[in-house]
Amino acid sequence: MNSLDFDRKPEDTRVVVAMSGGVDSSVVAGLLKREGYDVLGITLQLYDHGAAVHRAGSCCAGQDIDDARRVCETLGIPHYVLDYEARFRETVINPFAESYIAGETPIPCVACNQTVKFADLLATAKELGADALATGHYIRSRPSPKPRYQGQRALYRPTDAERDQSYFLFATTQEQIDYLRFPLGNLSKPETRALAEEMGLVVAKKADSQDICFVPQGKYSDIVSKLKPNAALGGEIVHLDGRVLGTHEGILHYTIGQRRGIGVATGEPLYVVYLDARSRRVIVGPKEALETRRVYLRDVNWLGDEEIDAAASRGFACFAKVRSTRQPAPAEMKCDADGIYVELVDGEAGVAPGQACALYSGTGEDARVYGGGFIRKSEREPAAEAALQALLQAPAAA
C-alpha cells in the first residue's frame, strides 16, 4: 500500500489537489509531489466582490488563484482554474441569505463542501482520471475497522485539535469519504508551515483564510441585505415575559446568544433567545433561557456502522459538537414522532437553528466522526420553553 492506501506505486496514482491558494492545500500538493504521485492542482473561482479579491485572508478569489498558480509552478505540477462562481452563488450564497432571513445561523462552509468541493470538483477529478481528491482539511480518514465494510473508509478527528475541521465535514457522504484523502490529518499547523518553508512555497507565511470567504469584513448583514432587501424590515424587541422593550431594524442584525448591541437597556443582562422570522420579532431573556438540552436535526448524514433508525430507536450514546469552537460533549441520539434528535447531557447555551450538530465516538484525536445534521429546532429548559411557546402563539403587535 502507498501512503494514500492504494495498492500501487505512487507514480501510478493520479491525485487532484483542491488548491485554495493557502498554505495547507499547497503543502498537500508538495507532499504528494515529493512522494512521487501524479499530481494535478485545481483552484475554483468561487466569487468576486471587489475588495475581497486582494483582501488578506480571503479565499478562492483573485490573489489566491495567483498564489496557487505560483505554488504549482514551484512544484512543477499542472494547475487548472475552474469558474464555479454561478454554482457557488446558487448553492451557497443564496441559501445563506435565505437561512439568515429565516432566523437561522447558517454554516456556508458545510454547504460549499457538500455542493461544490465534494460534489462538482470531485466529479471533475474523476473525469480527469484521478484516483483520489486530496484537500488541506485537518481531519483524518483510514480504512473502516469493520470487516464487513471492507473497501470503505471512516473519518476521525485530526492530531491537531485546535485545527480540527471535522465539524464542517459532518455532511461528507460515504461515497465521498472513500474517494477523498486528507494528508494533513497527522500534522500540526506549525509543522505544516515548516514544510511550506522547507519547500520554498510563496504561501509559507500567508495568513489563514476566514471561515466565510464571501463576507467582506465579516459583516453578514451587508451581503444579506443586498441579496434580500426585505430582510432589513424592522420589528419589535420582546422580552420572554411578553413586554415590548423596543424596536429593531431587521432580524438579520441579531444571532441567538447575542448580548451586546441588542438596542435596549433594562438594567438587567439580556440575551437574544429566539428570532421570530414570521412576526419579525427579536425575543430576549435572561441567560438561563438559552440553556438547551435537546436539538432536533434535519438533513442527517449518518456514518455509523448500524442503520440510523435502529441506533436512534434504542438510543445511541455518543459525543456531540454544536459549535466549531467547542469540544465534543456527552450526548445521546434518539428519535420520536418528530424525527431524529440529540439529547445534550450537560446542556449547551445559545444553540441556534441552522447550526450543525456533529456526532463523535469520543473527544480525543482517535474519535471517529459519526456524521450529524443541521439543527432544525431546539428545546430549552421547561420553564423557558413554555414561555417561548406562549409568546410565539400570541399575535405580534401591528
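Every residue gets a Cβ built from N, Cα and C, even glycine.
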ATP site partner of ALA18, MET19, SER20, GLY21, GLY22, VAL23, ASP24, SER25, GLY136 (as recorded in Swiss-Prot), chosen from LEU44, LEU155, LEU169, LEU227: LEU44
C-beta crowding around ALA18 (ATP binding site), within 10 angstroms: 24
Where SER20 (ATP binding site) falls in three-state DSSP terms: coil
Other CB atoms within 10 A, centred on HIS137 (site 'Interaction with tRNA'): 26
Of SER20, GLY22, LEU44, CYS112 (the recorded positions), the residue whose Cβ has the fewest other Cβ atoms within 10 Å: GLY22
Local Cβ density at GLN355 (site 'Interaction with tRNA') - other Cβ atoms counted within 10 Å: 21
Secondary structure at LEU44 (ATP binding site), reduced by DSSP to three states: strand
